[in-house]
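J.: The structure under discussion is supplied below as structure tokens; questions concerning it will follow.
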């Protein structure tokens, strides 16, 4: 890997600054979609508590490593903010699920969990039960309610032994269902794209305001202070800072695994906010770009003055800078790859859930025939 050329200093600085600002904007809002979704569902069953607890531990080590290694104050403030947001999510899980570190509520483990809407959508007869007319003393409702049905209430066609009581959905009755699903998917895509564009726009605007403020400040003090340039610090290693940084990276990477496993076990991503992982993905990507777009020339001194690089000096500084930030690069890039796995699960299980919803819709439409 080679350091950037001096001919693109301004463009490189702008790229690093813009990506850094977008990353900050993403991390500011990343938790909001999931917190809101939990409130809307009055449930946090889609979240792995182990995922959140390990992520919280990673944020704590992120703060420790950042303080010792001397990262930007903005990153430390964000790390503290992440910690409080993690606590809010963990609090939601404990509130809705009870104080447990298990990813399955006690009711679910006993086979009695009923998610929102299940009472309205669950078929009265399971697939392994032969469809038959309900008897007069057989409960057909939920919660012990008994509903009495006589053969005189059934359609005459259903009294024939060769005619099933539940008719399959035809293409005509299936069309409205598919249409509503397509409309809902399109609306979700538009809203997600709009949210991402707004956050990216906020990040770019923040960078632009910061640049203008810096120039205005420099112009105001130009005639009142001795002329000098601010020289960035030479990248230095801190042993404890590096140790905590690598522990943080390991925890961040490990945090995704329980969530991926929970999605796989449930064959569903229901209860998870797509924007939660989308903003995390975008934040990690832009964070890595902002690091790789580092410009080493302002630190150079061997070329006869500040900003003048000697032979191989820029490359040495650039590689040293990457070395100092390797743990943060590994953590963010590794999480980016694992978040892509979660994205794949969203799309994989969406198809399976659509088929399951279609079967449940079939039961709902023809439930009166039983």
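All residue numbers here begin at 1 and follow the chain in the order shown.
Keep in mind that glycine also has a Cβ here, set from the backbone N, Cα and C atoms.
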J.: Name the residue range among 274-294, 295-315 that TrEMBL annotates as transmembrane segment.
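T.: So the range that TrEMBL calls transmembrane segment is 274-294.
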J.: Six or more residues beyond either end and a Cβ under 8 Å away: which residues meet both conditions relative to the transmembrane segment (237-254)?
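T.: Same-chain residues near the transmembrane segment (237-254) but 6 or more away: 54-55, 57-59, 61-62, 64-70, 323-324, 327-328, 330-332, 334-335, 338.
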J.: Which sequence-distant residues neighbour the transmembrane segment (52-72)? Criterion: at least 6 residues beyond either end, Cβ under 8 Å.
T.: 79-80, 82-83, 86-87, 89-90, 93, 101, 233, 236, 238, 240-245, 247-249, 251-252, 254-255, 258, 324, 327, 331
J.: Answer with yes or no whether the transmembrane segment (328-349) touches the transmembrane segment (12-31) by the criterion of at least three Cβ pairs under 8 A, sequence separation 6 or more.
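T.: Contact absent: fewer than 3 Cβ pairs fall under 8 Å.
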